[in-house]
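J.: In case it's useful when we look at the structure, here is the feature table from TrEMBL:
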TRANSMEM  69-91  transmembrane segment
TRANSMEM  103-125  transmembrane segment
TRANSMEM  146-170  transmembrane segment
TRANSMEM  219-238  transmembrane segment
TRANSMEM  259-283  transmembrane segment
TRANSMEM  303-326  transmembrane segment
TRANSMEM  355-374  transmembrane segment
TRANSMEM  380-403  transmembrane segment
TRANSMEM  415-434  transmembrane segment
TRANSMEM  440-462  transmembrane segment
TRANSMEM  469-491  transmembrane segment
DOMAIN    470-519  domain 'Cationic amino acid transporter C-terminal'
TRANSMEM  497-521  transmembrane segment
Amino acid sequence: MDEAEPQRSYWRWSKQDFLPEESFQSWKNYITALSQTQLRFKDRLFSRSDDATETEVLKKQSENDMKRCLNWWDLIWFGFGSVIGAGIFVLTGQEAHNHAGSAIVLSYVASGFSAMLSVFCYTEFAVEVPSAGGSFAYLRVELGDFVAFLTAGNILLESVFGSAAVARAWTSYFTNLLNRPKDSLRIRTSLKEGYNMLDPIASGFAHADTSNLTPFSPFGAKGVFQAAAILYFAYGGFDNIATMAEETKNPSRDIPIGLVGSMSMITVIYCLMALSLSMMQKYTDIDTGAPFSVAFQSVGMKWAKYVVAFGALKGMTTVLLVARLAQARYITHIARCHMIPPWFALVHPKTGTPINATLLITIASSIIAFFSGLDVLASLLSVSTLFVFMMISVALLVRRYYVRGVTPRENLLKLVMFLMLIIASSMGISAYWGLRPNGWFGYTMTVPVWFLATLGMSLFLTQQRVPRVWGVPLVPWLPSLSIATNIFLMGSLESDAFIRFGVCTVVMLIYYFLFGLHATYDMAHQEKLQSKANHIETIKDAGP
């Protein structure tokens, strides 16, 4: 009988733990891999994972399992802890003052509606593919490695910049608690505006005055939707619930309750808080750093200023801690696929948690928070978040209408055509809104195209897959509407956000073609060889 292989130490730092793939074993191998970039890219572009690989096979890369200890009640409060933070406590004031005025409550309704559509799409995937990888795993199954990588990059951006934004806002409320100016604990430098303030620490209706709601929408509908796009950040974090699937006792029951339950309550709370702020102070007087604390002070409740500041600090601290949990799970699964070094996929044998991945996200977000202003962080974060959620809706339609080896090629081509028309018409609606917010003629062309493309998908394609437990209702209409609303909100953001998004995407692509592509290619082909060897061994064992 063979002796069991000794348990390797969790704390190890060899090259094989960071670069175990064949392409990185020597410079000669690496140059050979680079010379095959086109071939390898084609392989990764058209390859697809499957549910079993994402939920079972890849878990072996972590060497130890995470502990299943959560139920639906835990996930609802986990959702609260993930979402309620810098968005509502800080961005509400910033966007009411700069873009929406008292109509900030409508901005929360618009972004909440779009977020809820995304919640439905996430829920079906979370039940069908209960993996720590969340949206990254879902997209690997339906849209392939390359699209999943672009999404993974944006997930990491969302994780790092989201934590940095909350940390940045934390300092504003802390200075308010100390009764000091919001930038008094930051270090002013000669860097570019938005990056020049270094941050080393990174019951309203009782006094409501309806006259503060006039003018209700001083910047018009354009301002409302521009604020809604930024405020989408306030709803970001609900996808964190999906990453806890491997630690949930009954994912098929608990995750839908956790997602839909927490987001429904949070949307109502956000709208009420935004309305109370607008009724306590006129939008021109709302503080952009710590709006709720300053608003209470302005109506004579100076004691409440400190209670609110303390509560906001507690909420944002919770967001930072909970976000570390979920974001580390994302990174763990991304590392399991070797998109980043597999050292970050390791789960500690005693704690059952991914310590290495947690350290990565903590250090990265701390560095970003030190340099970047909240407005810079929030706009870039909103683009990344909206992009990821839009791709999830696309993936859900692909999952429902296409199954490899089953769906006829003719139906696949129809699906691609309808999806392209839905996306293109949604972009047209968004572009026309940005160019002519008071116009109407352009919508007579773009909206019917979106409607007819969605109707065509409903009439001319047969759903190839029936959800096993819980499914999005009204397919394809709800996912198609989710695509349209996410793209519309993306188009409401300012051009600087897309420039930053473009720069980050270029950096991601450089990384992918120099490292990620070759690591995942080697990983995939190693798995194929191993699977083939296991099959041959099974045949031998079954022989006479």
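Glycine residues also receive a Cβ, built from the backbone N, Cα and C atoms like all the rest.
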J.: So what's the mean pLDDT when you look at the domain 'Cationic amino acid transporter C-terminal' (470-519)?
T.: 88
J.: Test of understanding: applying the rule of at least three C-beta pairs under 8 Å (pairs 6 or more apart in sequence), is the transmembrane segment (103-125) touching the transmembrane segment (259-283)?
T.: yes
J.: Apart from its near flanks, which chain residues at least 6 from the ends of the transmembrane segment (380-403) lie with a Cβ under 8 angstroms of it?
T.: 114-115, 117-118, 121-122, 124-125, 128, 135, 138-139, 141-143, 147, 151, 154-155, 157-158, 161-162, 165, 229-230, 232-233, 236, 239, 411-412, 415, 419, 423, 457, 461-465, 472, 475-476, 479-480, 482-483, 486-487, 489-490, 493, 497-498, 500-501, 504
J.: How many of the residues that make up the domain 'Cationic amino acid transporter C-terminal' (470-519) does DSSP mark as helix, as strand and as coil?
T.: 40 helix, 0 strand, 10 coil
J.: So, taking each listed stretch (103-125, 219-238, 440-462, 469-491, 497-521) in turn and counting its Cβ pairs to the transmembrane segment (303-326) that are under 8 angstroms, which one gives the highest count?
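T.: That would be 219-238.
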J.: Count the CB pairs under 8 A between the transmembrane segment (440-462) and each of 103-125, 219-238, 415-434, 469-491, then give me the winner.
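T.: Answer is 415-434, with the largest number of Cβ pairs below 8 Å.
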J.: Counting only residues 6 or more past its boundaries, what in the same chain has a CB within less than 8 Å of a CB in the transmembrane segment (415-434)?
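T.: That would be 222, 225, 394, 397-398, 401-402, 407, 442-443, 445-447, 449-450, 452-454, 456-457, 461, 480, 483-484, 487-488, 490-492.
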J.: Let me spell it out: take the transmembrane segment (103-125), skip the flanking residues so only those 6+ beyond its ends count, and list any with a Cβ under 8 Å from a Cβ in it.
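T.: Apart from its flanks, the transmembrane segment (103-125) reaches 92, 95-96, 134-135, 138, 216-217, 223-225, 227-229, 231-232, 234-235, 238-239, 242, 255-256, 259-260, 263-264, 267, 270-271, 274-275, 277-278, 283, 389, 392-393, 395-396, 399, 467, 470-473, 478-479, 481-482, 485-486, 489.
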